[in-house]
Amino acid sequence: MSLIHLPCYFCCYRFRVQFTSGPQLCPGHPGTATMGASVGLLLLSLLLLLPCIPGLPFYNGFYYSPGGRNLGSGHKEGLFNGVKLVVETPEETLFTHRGANVTLPCRYHYEPALASLRPVRIKWWKLSENGAPEQDVLVAIGQRHRSFGDYEGRAHLQQDREREASLELQDLRPEDSGRYRCEVIDGLEDESGVVELELRGVVFPYQPPQGRYQLNFHEAQRACEEQGAVVASFEQLFRAWEEGLDWCNAGWLQDGSVQYPITLPREPCGGLGLAPGVRSYGPRHHRLHRYDVFCFTAALKGQVYYLEHPEKLTLTEAREACREDSAHIATVGQLFAAWKFRGLDRCDAGWLADGSTRYPVAHPRPNCGPPEPGVRSFGFPDPQSRSYGVYCYRQS
C-alpha cells in the first residue's frame, strides 16, 4: 500500500505544506504568508473530510491507496481483492505425557488460492487460564524465529511443508497444559486458531509436615513445585472428582479459589444434605488465608521403584541409598504418577523426598489398607526412625 502525499506547488520550485510558527512559506515572495495560511486551512478541511469519502480505507490515522504493494518478488496483491486468509487448527484436544515432544498443528491457506508465496509473520502464545497471565511462546518471520521465557530452546516452528505454521514443543512439563493460539499475519490481515494441549496426569491433595491448613497461596505453589507438580486447575480437580477423588480438606486451586471434591456426602464434609460435587469456598486472599493444596502432576518419563534393601532406613540413609543406586529419592508427585500410569503396586511404606512415608496400591487386597486403589500415607514420621524403606526415581 502506498501512502498518499498531497504536495502543493507555488512560487518555490516545490514544497510540502508545513505548519510553522513563522509567517513565510516561501521566503522573499510577496503574499506567500496569506497564500500559505489559505492553503493550510484548505488542506486541513480536506483531511477532515477524507474519512467520510466512501471507499477510501482509513487505518490508524493513515490513508492507504488500494492499488496494492510490492511483495519483493514482483508479485503484487491488493489487500482488498477478495482473497481470504484461512488458518486451520485441530478441534480435538491433543493428549500427551510429561517429558514428551509434541507438535501443535497449524496450517494456513488463501481462498481463492494464490499462485505464489507471500511473506507472513507467525505468532504462538499460550492463552490466559485460571488466573494465569498470557505467555508469549514463539514469533517467526520467514526462517527466523524466537522463543520466549520457559519455552526458550523448547519451542520450534515446524515448516516442513508450504504454509505450515505448526509449533513443536519439547520436553513437556505439567505447566505446559493449556490452550495455545496460532496467529498468521499477512500485512493488515490476520487470522488465528486455537490448539488445546492436555498432559495426562493425576491430581493429589497435599499438606506440609506442619499439618493441615498451613499454606497460603504462594507457599502452596512452592509446595507443589517441590513435589514435581503444579497447582491443579478447577478443570483438573473436577475431572479427578469424576474419576472418584473424595477429599474432605479444602485446598488451593490455580485460580486462587479454595475447593474440595466429595463423592460420598457426610456430616463433617458439608453435611449429608448436600449432593456430591466439588465444594467451593470461593476466591481467598493469597497471603492471609491458609489451606492445603491440590497438586497436578503429569505422567512420568522415568521409573519409580521400591528399593530392595537389607535393612530399614532413616530419611538420610534413604536418600543416600537411592544415590548409590544411581537414582534420587522420589517425590510425592512421582509416586502418584507411577501409581496412576504405571500401575505401581507395593504394600511397603517408604520414605519420599519431603520426609513423608507412603505406599501405592493399584490392586487392593487384605492387609494392604482400604479396599480402594490409592496412595496410602503414614504422614511425616521422625526422620531418625528406621521403620521404613524408600522409593527411588530413576530418569530414563
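Cβ from N, Cα, C; glycine included.
Its Cβ taken as reference, CYS269 (disulfide bond) is surrounded by 18 other Cβ atoms within 10 Å in the chains shown. The annotation disulfide bond is assigned in TrEMBL to CYS248-CYS269 (among others).
All chains included, 15 other C-beta atoms sit within 10 angstroms of the C-beta of CYS368 (disulfide bond). According to TrEMBL, the feature disulfide bond maps to CYS347-CYS368 (among others).
What TrEMBL records for 84-200 is domain 'Ig-like'. Per DSSP, the secondary structure of the domain 'Ig-like' (84-200) breaks down as 6 helix, 64 strand, 47 coil.
Among the features that TrEMBL reports, domain 'Link' is placed at 202-297 (among others).
Taken from TrEMBL, the feature domain 'Link' applies to 302-394 (among others).
In sequence order, TYR359, VAL361, ARG365, ASN367, CYS368, GLY369 constitute the residues six or more apart from CYS347 (disulfide bond) in its chain with CB-CB distances below 8 Å. Long-range Cβ neighbours of CYS248 (disulfide bond) (same chain, at least 6 residues apart, Cβ-Cβ under 8 Å): TYR260, ILE262, ARG266, PRO268, CYS269.
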